[in-house]
């Protein structure tokens, strides 16, 4: 029985333009196919088909990353969004002036380094450089300079000055090696955590949490969203929790003032939830890794204040007209993506890997980043196994997830922490601590002030500077000072929308401006912040002890 094969005319004839690019199917005997397959035109055809398929996949991925309104997906970087408008906003004259200013600053810095003044006035030079670099980070949007690049440049420049001003080059190298070892622990921890969260998110694993929110009553929904975010952020970081929950709000409520308030609640709840666990926020993770706080005392001491710092804004927002009078009982649920195959398994393993990190540290005594890398390795092997041979699901595997994580954010932390460590090595932070102790004797006031300042300035360098100013000999592990620092730096950023990564993500996703948040939310967030501090001081002064049975659990005791 003879067999026939249908072959597109584009694969046979190079003159397809004569047919207006319309495919013409030819029915040919099978005996023709071996000769055709062995010819060069067949190889060209295969290459052309591969190129067409790759182009189609690229176009499809681009469509998936672009919403119907043409805006960037919430998880994409700011650079991708800005590049879309580059052609419309390009100003050669402005760019020339910026380039000239950078060149002038580089030349001035090179000349200054060669002078003996830097060696004789190391503290002044480093303080000035840190101030200039930090201004560049704060005003990155105005200057159009990415803060990660500014942070790395500042870190290297500060250590160059330190090497010049140090008694010997060997001392500077020893201090740099010690600082790099400490900073690397945090960076490795963050990279592992971000990759695990990205893999779970790629499998739509968080739908197990968000799909169970079914209420549409305005006040009830306000409290449910707040506390779901609160507990979600205690395991994930506050940025990821905000992205997940704000995306959920788009199918729970139509665009309105009420939905903006729900998004603001997500920001407050994410920051409050990340303050009471060692893995809930970058600042608490930093304090935990370096030994200023431990697992159970932190959770026991900060859980109630964190709940209060969320409950007070929720109660006050419940009295507003947008929630109490104008909220909409919307039953409309927008379409969402389906969970990927074995998404429940990936969610369970990813969540277990994050929760297992403190257990791993308590059992082995090894640094937390080793436990995080262990969890990532297990999840890597599992995703490779369950998606073996599924070429269309490569995006669900770890290599693709690594290309999507916030690498520039990790590099920003690296630059900031190395910069602060140079100030610590030079003794500048110790001098600043002595000055604060002489003029502000109350440690509670110092910690509270750091929280207020964190609403304006990034809390990562603030906490890093505090860790350099005060060592464990001044305040032992789990002292009132360190727990207050963890709480205030975590929740203080809620007072302004630019005070935390969660707030910045909310601004971009819901198009909320600074002054709207200032009018509608900042006062309530400050009330929660103050109430949380008062709650902590009250509970701490009562000296509530742990139940004996709970205190003897190895996981919690001194971990």
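Start at 1 and count along the chain as shown; that gives each residue its number.
Placed from the backbone N, Cα and C atoms, the Cβ positions cover glycine too.
TrEMBL annotations:
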- 99-118: transmembrane segment (TRANSMEM)
- 124-145: transmembrane segment (TRANSMEM)
- 134-467: domain 'Citrate transporter-like' (DOMAIN)
- 220-249: transmembrane segment (TRANSMEM)
- 261-279: transmembrane segment (TRANSMEM)
- 299-319: transmembrane segment (TRANSMEM)
- 345-363: transmembrane segment (TRANSMEM)
- 369-389: transmembrane segment (TRANSMEM)
- 410-429: transmembrane segment (TRANSMEM)
- 449-472: transmembrane segment (TRANSMEM)
- 484-509: transmembrane segment (TRANSMEM)
- 521-539: transmembrane segment (TRANSMEM)
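Here the transmembrane segment (299-319) lies next to the transmembrane segment (484-509) in space: the count of CB pairs under 8 Å, restricted to residues six or more apart, reaches at least 3. The stretch in closest packing with the transmembrane segment (484-509), judged by the count of Cβ pairs under 8 Å and taken from 261-279, 449-472, 521-539, is 449-472. Scored on C-beta pairs under 8 angstroms, the neighbour of the transmembrane segment (345-363) with the top count among 124-145, 220-249, 449-472, 521-539 is 220-249.
Count of Cβ pairs under 8 Å against the transmembrane segment (261-279): among 220-249, 410-429, 449-472, 521-539, the largest is for 220-249. The highest tally of CB pairs under 8 A with the transmembrane segment (124-145), across 220-249, 369-389, 410-429, 449-472, is held by 410-429. Residues 185-186, 188-189, 192-193, 195-196, 199, 289, 341-342, 345-346, 349-350, 352-354, 356-361, 396-398 of the same chain sit 6 or more residues outside the transmembrane segment (369-389) yet have a Cβ under 8 Å from a Cβ within it.
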